[in-house]
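These come from TrEMBL:
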DOMAIN    B:67-219  domain 'Yip1'
TRANSMEM  B:79-98  transmembrane segment
TRANSMEM  B:110-131  transmembrane segment
TRANSMEM  B:143-165  transmembrane segment
TRANSMEM  B:171-193  transmembrane segment
TRANSMEM  B:205-224  transmembrane segment
Amino acid sequence: MTMADDTEDVELDFAADEQERARRSAVIRHPLASFFHLFFRVVAIVVYLLCDWISKSFASCFVLIIALLSFDFWSVKNVTGRLLVGLRWWNQIDEDGRSLWVFEAKKLGASRGSNTGTEAEARIFWLGLIICPLIWTFFFFTSLFSLKIKWLSLVVASISLQAANLYGYLRCKAGGQNGQPPDKCSFSGQHLLQRPDIIFGIL
Amino acid sequence: MAAAEDSRPFAGLSDVSISEDIPVEGDISVPVGSSRRDDELSTLDEPVKETILRDLRAVGNKFVHVLYPKRSSALLRDWDLWGPLLLCVTLALLLQGGAADSDDQGGPQFAEVFVIIWFGSIIITLNSKLLGGTISFFQSLCVLGYCIMPLTVAMAVCRLVLLGGTGMVSFAVRLAVVTASFGWSTFASTAFLTDSQPPNRKALVVYPVFLFYFVIGWMVLTFSPSQ
């Protein structure tokens with residue numbers, strides 16, 4: 001009877017094969033995701049800096065940068081966030097038409113057997129997430145003070161795309177560390193207390 | 001005896017008891033969300049191609065809903081802004097005048113179209129929220145953005161018509177096409193947006209939408225290709 005109380009998950013390592021152990025002890029578990037996390041953002045910044053050499057037309061630079069940043073937004077929100085750091089955020093509309101923002105984080109203890117990222121990957125993720133919006137903010141001021149208003153519109157669009165992911169993941173992280181239920185922003189707070197299914201992501 | 005009993009207000013309560021034979025039953029269901037966790041796990045582990053295809057299908061579905069604006073909730077429930085972004089970029093490119101290296105064509109510049117569409121949508125959304133609408137910010141942006149589609153199609157048609165000449169006939173055809181698509185856009189977006197408004201405010205919400213699509217339609221109609 002006492003055995004039933006003692007059901008702590010013990011990792012029985014003799015069942016793991018070589019590949020599994022290598023994967024678990026690797027420095028970077030998701031090389032492709034880490035690469036793409038940084039790729040689109042950095043290329044967008046490079047294109048912005050070199051746009052005079054790439055093409056004479058403002059429109060093509062604009063479209064190229066916005067396309068790159070859209071791909072980046074989508075991949076960071078849907079793929080690299082959950083693979084590298086186990087965080088996720090989204091918006092859903094419930095049946096009454098109320099808007100609900102859900103921020104979710106994987107519980108730390110459960111990441112032993114799972115596929116979440118390592119320390120190095122987490123560092124790549126957060127550095128990439130924070131530094132690029134700062135660079136775009138710097139571009140905002142340079143284009144503002146040099147009065148290039150056309151480029152200002154592009155920079156504002158870029159900042160909004162990058163800052164959205166930054167803000168979403170920071171809220172996920174804040175919710176996860178305090179051990180509270182994830183932040184739920186909605187226009188009717190009472191309704192949420194009756195929705196226990198939006199719980200902390202326990203895996 | 002009766003007077004003494006009445007003077008103690010809760011006298012009868014001590015006699016109250018529930019027989020143990022009466023079954024007390026009910027249904028307390030707490031959605032633990034395990035099925036949803038399974039969904040989450042399955043979407044967490046799905047290959048990236050699946051995610052992309054799923055999102056593309058959702059966007060395509062919304063385009064179809066704009067074509068046949070019924071009172072459905074597809075645009076509202078699963079909003080996304082990819083469609084509006086795509087339409088905005090397409091419209092801005094079509095309004096470029098075809099010249100690749102200079103931006104002073106006499107038509108709207110690229111960034112202007114972008115700014116007009118997005119700022120216009122944001123202001124209309126703020127207006128409807130201030131009037132007490134229940135629709136959320138991004139849902140409204142989604143609807144307004146997707147309903148630009150008829151005007152984008154009209155722009156493409158106008159470009160084709162302009163290939164044939166710029167005379168009175170061409171202008172008449174373009175006017176008809178632009179007016180029809182403007183009406184379609186306004187009708188489609190109000191079909192989605194006015195449901196969330198209190199009934200005496202519907203006109204107050206509709207007129208900015210009318211102005212918004214009017215400005216875009218004007219840009220489409222007055223477009224003239226560079227020689």
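Just so you know, glycine gets a Cβ as well, placed from its N, Cα and C.
TrEMBL does not curate its annotations; it predicts them automatically.
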If you count Cβ pairs under 8 Å, which stretch among B:79-98, B:110-131, B:143-165 touches the transmembrane segment (B:171-193) the most?
-> B:143-165
What residues in the same chain, six or more past the boundaries of the transmembrane segment (B:143-165), come closer than 8 Å to it by Cβ-Cβ distance?
-> 62-63, 65-67, 75-76, 79, 81, 83-85, 87-88, 90-91, 94-95, 117, 120-121, 124-125, 135, 173-174, 177-178, 180-182, 184-186, 188-189, 192-193, 209, 212-213, 216-217, 220-221, 223-225
Could you tell me what the rest of the chain brings near the transmembrane segment (B:110-131), counting residues at least six beyond its ends with Cβ under 8 Å?
-> 84, 88-89, 91-93, 95-96, 103, 137, 140-141, 144-145, 148, 193, 196-198, 201, 204-205, 208-209, 212, 215-216, 219
